[in-house]
Amino acid sequence: MEKISTDAFPLTMHSSEKQETICIFGTGDFGRSLGLKMLQCGYSIVFGSRTPRMSSLLPNGAEVMSYSDAAQKSDIIIIAVHREHYDFLTELTEVLNGKILVDVSNNLKINQYPESNAEYLAQLVPGTHVVKAFNTISAWALQSGALDASRQVFICGNDSKAKQRVMDVVRSLGLTPLDKGSLVAANEIENYPLQLFPMWKFPFYLSAVLCVFFFFYCVIREVIYPYVHEKRDRTFRLPISIPNRVFPIAALTLLALVYLPGVIAAILQLYRGTKYRRFPDWLDHWMLCRKQLGLIALGFAFLHVLYTLVIPIRYYVRWTWNNRTVTQAITKKEDPFSTTTSWLSDSYVALGMLGFFLFVLLGITSLPSVSNTVNWREFRFVQEYPESRGATMMMSSILGPEPNPPPSSNPKQSLDSALIKQ
Ligand SMILES: Cc1cc2nc3c(=O)[nH]c(=O)nc-3n(C[C@H](O)[C@H](O)[C@H](O)COP(=O)(O)OP(=O)(O)OC[C@H]3O[C@@H](n4cnc5c(N)ncnc54)[C@H](O)[C@@H]3O)c2cc1C
Ligand SMILES: NC(=O)C1=CN([C@@H]2O[C@H](COP(=O)(O)OP(=O)(O)OC[C@H]3O[C@@H](n4cnc5c(N)ncnc54)[C@H](OP(=O)(O)O)[C@@H]3O)[C@@H](O)[C@H]2O)C=CC1
Ligand code: HEM
Ligand SMILES: [Fe+3]
């Protein structure tokens, strides 16, 4: 057993207050990181270890002892040990009796064991109050302080007093406890970090379906139809022209789907006459994945801009321009400069660029690090104002100024006329 003089730096407690001692079993990555954070927040830390010697990696100010000695120092014991090594705890049943054991463990696979790790721990050492907590916080985040995205700590346990005490600790570390109920919820909490982007699944599949649908629609219209009708090979449209139709259409459809559930929710609330009733599951889920839908829409808009930038360097476009010039020279037929077309073409692209700028602005203000710095009114303003203006601009840029303009006065055609008429 070795004692180190306390030279930690309590930030939140006054020196006159008695420091609460917390015991951490296991001197691995997570135990050390959590210990350091707790020391900084004014707790006394005692580590329990198989080999209790002070290593340079352990935070200054902590004590290290054998598991059984350490357990006697505190009634809150954090088990920062992998589930596979819980066996040694059975030898400590006596000293652990009546104490609060905090299970922080994670597994490698979803539903790896028949029962959750926390329930297993409760069975292994009966007479203790097991509380599940901290498993969604990573050692790295604790050390680097980069906890913006994951300040929430899911908590569950059968003893409400024990849970309350752990929640107090969580709060004093600057984190937000979220009570998920009894220990039965541990399974869900343990599976949570293993789920791969749960909120991305639906938006991802939806955008895949949209892309495939619009892609085949365009292929039928622009490749198969000309081939069947005129025996013309237009397959070269597959890599750029068609994707450059699919991407902006998918972007706009997804953008509409970001704001549609809000409208449905509002109608539903008006219809029910209250906002205090749960939405149906499908609507709830849809509302929760709007951010992901929005970001995918922004991604598609980015792709559309990139694909548009390469239009002038495409062989097919350059060939068409050259060919037109040569044809005009041979036939001695001039194509007079049209101010109207020029205006329309520039406005078309300008609106596209402005729309894209507003789209990006919307995305940037939605970043947590940015949205944390604006107040609710500012956030609503940015979310609502550019969105409605942006959508109007984009729609007008898509619909074009005239429903059926003559070929030379269509701004879209003047930009990439070769793509339309060949
Ligand atoms: C590029 C881009 C990036 C985006 N990034 C993010 C992001 O990072 N984070 C993010 O959250 N969104 C993001 N979004 C999505 C979008 O910005 C928001 O979903 C948008 O603010 C929703 O506004 P709304 O008016 O449709 O709905 P809301 O403001 O949610 O309101 C709609 C209606 O539903 C009611 N309502 C809403 N929620 C509840 C509820 N739980 N219970 C009861 N009533 C409720 C409201 O009172 C209102 O009547 C992004 C979108 C885009 C395009
Ligand atoms: N790392 C992370 O970011 C996170 C980890 N967790 C959870 O925290 C727990 C600890 O993780 P982590 O610190 O990364 O793991 P480590 O492997 O780094 O540390 C585990 C510690 O357990 C102790 N231990 C006790 N008995 C045994 C044994 N028989 N064999 C090996 N080690 C033993 C050891 O401490 P000693 O040598 O002092 O006895 C060891 O340092 C795990 O349950 C993990 O799921 C949860 C969230 C995030
Ligand atoms: C820098 C910004 C932009 C520029 C320069 C631009 C330019 C263009 C061009 C040249 C076309 C014609 C492409 C073709 O016919 O193959 C086009 C089409 C289109 N753009 Fe944009 N655009 C921009 C941003 C946007 C944004 C942000 C959106 C909305 C998400 C958007 C939506 C559309 C749509 C829906 C079409 C029609 C696709 C079709 O059916 O052909 N554009 N744009
Ligand atoms: Fe076009």
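Every residue gets a Cβ built from N, Cα and C, even glycine.
Taken as a whole, the domain 'Pyrroline-5-carboxylate reductase catalytic N-terminal' (21-107) shows an average pLDDT of 94 in this prediction. Annotation source TrEMBL lists domain 'Pyrroline-5-carboxylate reductase catalytic N-terminal' at 21-107.
Long-range contacts of the transmembrane segment (204-227) within the same chain, counting only residues at least 6 positions beyond its ends with a Cβ under 8 Å from a Cβ of the stretch, are 233-235, 237-238, 241-243, 245-246, 249-250, 253-254, 257, 292-293, 296, 300. Residues or ranges marked as transmembrane segment in TrEMBL: 204-227 (among others).
Tertiary proximity for the transmembrane segment (247-271) is limited to same-chain residues at least six positions away from its ends with a CB under 8 Å from its CB atoms, namely 203, 206-207, 210-211, 214, 279, 283, 286-287, 290, 293-294, 296-298, 300-301, 303-304, 307, 359, 387, 391, 394-395, 398. The feature transmembrane segment is assigned by TrEMBL to 247-271 (among others).
Residue counts for the domain 'Ferric oxidoreductase' (249-382) under DSSP (helix as H, G, I; strand as E, B; rest coil) come to 111 helix, 0 strand, 23 coil. Per TrEMBL, the feature domain 'Ferric oxidoreductase' maps to 249-382.
What TrEMBL records for 292-317 (among others) is transmembrane segment. With a threshold of 8 Å between CB atoms, the same-chain residues lying at least 6 positions outside the transmembrane segment (292-317) that come near it are 199-200, 202-204, 206-207, 236, 240, 243-244, 247-248, 250-252, 254-255, 257-258, 352, 356, 359-360, 362-363, 366, 415-416, 418-419.
According to TrEMBL, the feature transmembrane segment maps to 348-370 (among others).
The region 'Disordered' annotation in TrEMBL covers 396-422.
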